[in-house]
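All remarks here apply to the structure that follows.
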Amino acid sequence: MSEEKASSPSGKMDGEKPLNPWPEYINTRLDMYHKLKAEHDSILAEKAAKDSKPIKVTLPDGKQVDAESWKTTPYQIACGISQGLADNTVVAKVNKVVWDLDRPLETDCTLELLKFEDEEAQAVYWHSSAHIMGEAMERVYGGCLCYGPPIENGFYYDMYLEEGGVSSNDFSSLETLCKKIIKEKQTFERLEVKKETLLEMFKYNKFKCRILNEKVNTPTTTVYRCGPLIDLCRGPHVRHTGKIKTLKIHKNSSTYWEGKADMETLQRIYGISFPDPKLLKEWEKFQEEAKNRDHRKIGRDQELYFFHELSPGSCFFLPKGAYIYNTLMEFIRSEYRKRGFQEVVTPNIFNSRLWMTSGHWQHYSENMFSFEVEKEQFALKPMNCPGHCLMFDHRPRSWRELPLRLADFGVLHRNELSGALTGLTRVRRFQQDDAHIFCAMEQIEDEIKGCLDFLRTVYSVFGFSFKLNLSTRPEKFLGDIEIWNQAEKQLENSLNEFGEKWELNPGDGAFYGPKIDIQIKDAIGRYHQCATIQLDFQLPIRFNLTYVSHDGDDKKRPVIVHRAILGSVERMIAILTENYGGKWPFWLSPRQVMVVPVGPTCDEYAQKVRQEFHDAKFMVDIDLDPGCTLNKKIRNAQLAQYNFILVVGEKEKASGTVNIRTRDNKVHGERTVGETVERLQQLKQLRSKQAEEEF
């Protein structure tokens with residue numbers, strides 16, 4: 001787009017039409033920007049003429065390229081390697097920091113050229129796409145843009161509208177305008193501007209002024225421009241809007257400013273974009289598959305669980321859902337027994353003094369349900385670790401007791417904003433397979449190996465593969481650097497001995513200790529973080545936890561390992577529901593066996609068979625509907641995902657047998673009731689993933 005004052009296009013579209021003329025703030029903002037840009041270009045030209053000097057740019061393969069500071073850009077270096085590389089590069093990474101391709105290099109540096117496949121490049125690509133959509137939203141609605149970040153799959157932009165709202169009927173109009181913006185190849189320009197100047201530029205938008213006043217603690221910050229849109233933004237961005245090859249707007253909702261229910265209501269529009277239309281087709285197919293697997297739909301259809309407005313964010317587990325919940329906990333309990341964990345029960349409500357000691361009151365009290373009792377402040381616990389510290393501390397401890405592994409399925413509550421609640425994945429009431437290991441420094445390596453083996457055992461039963469990342473000391477860490485180094489070395493040794501591939505995530509640990517991040521991959525390729533293995537050097541200090549060491553030192557400080565495998569049981573049930581698409585493996589299935597009598601004369605025998613399976617602790621039902629044909633009963637049981645369907649007729653009644661088939665219509669034929677019970681008990685005990693095939 002030329003540097004002239006923006007003028008509005010006209011044209012008829014579905015839904016809302018672009019405004020004509022555009023809101024006055026767009027032109028006022030552009031006028032200010034042009035003056036600032038001219039000053040910036042003049043300063044940069046002077047710097048390039050005066051301060052430019054030869055620099056060395058080191059590529060990932062170690063090769064060095066000659067360049068000039070304040071003149072050479074990453075894009076020029078990419079072109080020097082190959083035009084194809086330059087065209088396919090989304091963003092640069094200079095000295096490990098993402099960097100605009102057209103921003104001049106300033107000193108000797110390392111340079112990486114990131115393509116769309118890289119996660120950081122995807123975030124930049126989707127962030128730039130959000131700006132394209134933001135430009136279209138300003139031109140169609142004329143409201144005040146708020147936040148417009150990239151998210152895990154795509155991007156969104158929030159807008160404040162004085163009146164009216166956004167309708168899905170507007171998507172076509174917005175997409176058409178986005179395509180026009182893309183076709184214009186509007187350049188993304190970066191400008192560093194004084195805070196007070198930006199307060200003047202954005203005086204029409206109270207939300208941008210709030211960001212400047214409350215979040216920007218430096219004298220200057222950056223804005224980015226594409227076409228008529230100028231927005232507060234750290235960047236970086238793609239070179240121009242033409243780099244976005246295909247863009248789809250697919251969802252809208254309302255939300256609150258910064259998620260706070262007492263703040264303004266905003267309109268949120270979601271989009272997705274890709275550098276290849278084929279990727280969009282794949283994404284659409286994936287969305288359809290994910291929609292069919294949505295745990296909220298399956299939970300409703302299979303009568304597993306539901307939510308009610310009278311207790312937002314707290315799930316009601318129906319009998320069949322409760323079976324899944326309890327079976328998961330029993331699975332973990334059985335592993336606890338093998339692995340030396342001791343299960344404990346701790347209070348749900350604690351005096352706020354506990355949370356002040358732990359540090360949660362200072363940093364987390366907004367997310368806690370708190371109330372007054374006899375002029376004292378209490379809160380429902382959002383996590384178990386402080387309670388476990390009290391358990392460790394309730395009597396003197398000896399080195400002989402270490403490692404002490406305390407496990408807790410206690411009910412936890414977190415005061416999530418109502419707008420953030422999403423099925424079982426974001427709740428207020430939940431339970432975790434939570435455990436804390438109190439150990440000596442030299443025991444860390446063995447304990448971490450045990451935790452890793454534990455998670456491999458559990459995830460292999462579910463059929464999940466997983467990714468491991470070691471997150472090490474951040475810049476702002478607490479404690480002795482030697483202790484950190486020793487602990488990180490032990491974590492590294494544990495991971496190497498574990499034998500699975502892992503990656504280093506330097507500087508991404510918590511301030512109180514390094515951690516191992518674990519992501520599981522589900523049946524449709526999505527990654528979820530559930531397990532936690534986190535070292536904590538600070539909580540033992542806060543609670544003044546000590547033990548008597550073997551040399552008699554009674555002030556030895558333990559280390560705490562926070563660990564969970566399922567994480568939130570509720571969230572794991574959501575993931576498993578979607579992973580299996582409601583087709584539960586036999587051991588976890590809430591519908592394991594359906595007994596189907598051929599006709600009314602076999603009903604009594606069918607009832608006896610059902611009772612035998614019930615007594616053997618199977619989830620068993622019987623279909624005695626006289627209005628259904630045999631084939632219809634079998635089909636209904638298969639559609640309801642009963643793992644095994646036991647047909648009983650006169651022949652089976654006479655011989656004390658059942659005729660077995662599976663939900664996938666594999667026929668196993670006739671077996672005695674006793675044999676069938678015994679075999680199914682074996683498969684259940686083995687937690688077989690393919691019990692129907694293995695029968």
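Here the Cβ of each residue, glycine as well, is placed from N, Cα and C on the backbone.
For 1-21, the entry in Swiss-Prot reads region 'Disordered'.
According to Swiss-Prot, the domain 'TGS' annotation covers 51-115.
Taking Cβ-Cβ distances under 8 Å and a sequence separation of 6 or more, Lys215 (N6-acetyllysine) has no neighbours in its chain. Annotation comment: Swiss-Prot describes Lys215 as N6-acetyllysine.
When secondary structure is read from DSSP and collapsed to three states, Thr218 (phosphothreonine) falls in the coil class. Taken from Swiss-Prot, the feature phosphothreonine covers Thr218 (among others).
Annotated phosphotyrosine per Swiss-Prot: Tyr270, in sequence order, evidence recorded as a large-scale study or a structure entry. Around the Cβ of Tyr270 (phosphotyrosine), 18 further Cβ atoms fall within 10 Å across all displayed protein chains. Tyr270 (phosphotyrosine) carries a strand DSSP state (E or B).
Residues or ranges marked as phosphothreonine by Swiss-Prot on the basis of similarity to another entry: Thr425 (among others). The Cβ of Thr425 (phosphothreonine) has His295, Arg571, Ala574 as same-chain neighbours under 8 Å, each 6 or more residues away in sequence.
Under DSSP, residues within the domain 'TGS' (51-115) fall into helix, strand and coil as 15 helix, 26 strand, 24 coil. Across the fold, the C-alpha of Tyr270 (phosphotyrosine) and the C-alpha of Thr218 (phosphothreonine) stand 31 Å from each other. In this model, the domain 'TGS' (51-115) carries an average pLDDT of 95.
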